[in-house]
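Over in TrEMBL, the protein carries these features:
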type     : residues                                                 : note
ACT_SITE : CYS74                                                    : active site, proton donor/acceptor
ACT_SITE : CYS187                                                   : active site, proton donor/acceptor
BINDING  : ASP11, SER12, TYR43, GLY44, ASN75, THR76, THR188, HIS189 : substrate binding site
Amino acid sequence: MACDAPIGVFDSGLGGISVVREIRRDMPDERVLYFGDSANAPYGTKTPGQVRALSDAIVERFVRRGVKAVVIACNTATSASVNELRERYDIPIIGMEPALKVACDRGHGRRQRVIVAATPLTLRERKFAALMDRFKADHTIFPEPCPDLVSIVEDGGLDDHGRVMATLHGYFDRYDLHAIDAVVLGCTHFVFYRDYFRELLPDSAAVIDGNEGTVRHLGVVLESLGRLAPEGAGGGVELANSDRSARIAELSRTLLARPR
Ligand code: DGL
């Protein structure tokens with residue numbers, strides 16, 4: 001497999017663009033083919049079987065395009081399908097999971113109180129139960145499903161301050177936020193809300209996402225296989241979506257250009 005082959009990155013919709021943004025920043029020589037499945041979003045309220053079938057079809061397309069690796073830029077699709085995809089395809093498949101470890105490690109041995117915001121499917125799946133099992137004896141973890149945060153991004157409502165803050169208050173007002181150490185953004189759509197979470201939370205609460213760690217892991221895997229793009233190659237992004245409307249194309253470009 002040539003090192004100048006592209007990397008396939010996909011999500012249920014536009015959330016994975018937050019991961020592409022990180023790849024552009026940290027690995028600017030890589031070529032990225034992005035596929036957002038907005039016509040079928042959200043995945044977070046579907047069954048694992050439905051999400052597996054959709055993910056499989058996307059990876060098959062990527063393989064036909066000759067990608068050197070796939071990033072599942074979606075916690076939900078990872079929970080439902082990463083094992084099957086790895087069995088089926090003979091290329092590196094990088095998945096994502098809520099960065100709970102990062103949140104718990106910040107306590108350096110002190111019990112942390114952590115909210116994990118993710119989709120209903122991510123929080124229901126075995127993968128998340130296994131992750132909770134590693135940390136729940138030493139930390140207090142509150143899983144919080146936030147499906148409306150996916151639809152706001154897909155609707156193009158991210159700049160509607162009133163709507164976003166009302167939605168966040170709806171999910172989080174029941175917590176004593178001053179007693180929370182961290183909120184984990186366990187869905188790639190939620191990464192676009194970082195500033196809103198900062199507005200909601202006291203300074204003492206950290207806001208943590210898994211994008212940086214995922215991209216670092218991608219780099220390590222490609223390097224170990226000798227498949228990093230040659231330095232100076234320049235790279236680039238090709239944005240595709242199952243919803244072919246001009247609205248989604250424009251929104252995708254806007255999200256890619258949005259500052260972190
Ligand atoms: N962006 C996805 C994730 O990381 C899923 C959103 C959805 O379609 O429900 O979990």
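A Cβ is built for glycine as well, from the same backbone N, Cα and C atoms used for every other residue.
Farthest C-alpha pair in the substrate-binding residues ASP11, SER12, TYR43, GLY44, ASN75, THR76, THR188, HIS189: 12 Å apart. The CA atom of THR76 (substrate binding site) is located 7 Å away from the CA atom of CYS187 (active site, proton donor/acceptor).
Cβ packing within 10 Å was compared across the binding-site residues ASP11, GLY44, THR76, HIS189, and the lowest neighbour count falls to GLY44. For the active-site residues shown (CYS74, CYS187), fewest C-beta neighbours within 10 angstroms: CYS74.
For CYS74 (active site, proton donor/acceptor) paired with ASP11 (substrate binding site), the C-alpha to C-alpha distance reads 5 Å. Spatially close to SER12 (substrate binding site) yet at least six residues away along the chain are GLY36, ASP37, SER38, ASN40, ALA41, PRO42, TYR43, GLY44, VAL51, LEU54, CYS74, THR76, ALA77, VAL150, judged by Cβ distances under 8 angstroms. In sequence order, MET96, GLU97, PRO98, ALA118, THR119, THR122, GLY186, CYS187, THR188, GLY210 make up the list of same-chain residues 6 or more apart from ASN75 (substrate binding site) whose Cβ falls under 8 Å from its Cβ.
Taken residue by residue with DSSP, TYR43 (substrate binding site) is part of neither helix nor strand, so it is coil. Listed in chain order, the residues near the substrate site other than ASP11, SER12, TYR43, GLY44, ASN75, THR76, THR188, HIS189 are GLY13, GLY15, GLY16, ALA41, PRO42, CYS74, ALA77, THR119, THR122, VAL150, CYS187, each with its Cβ within 8 Å of the site Cβ centroid.
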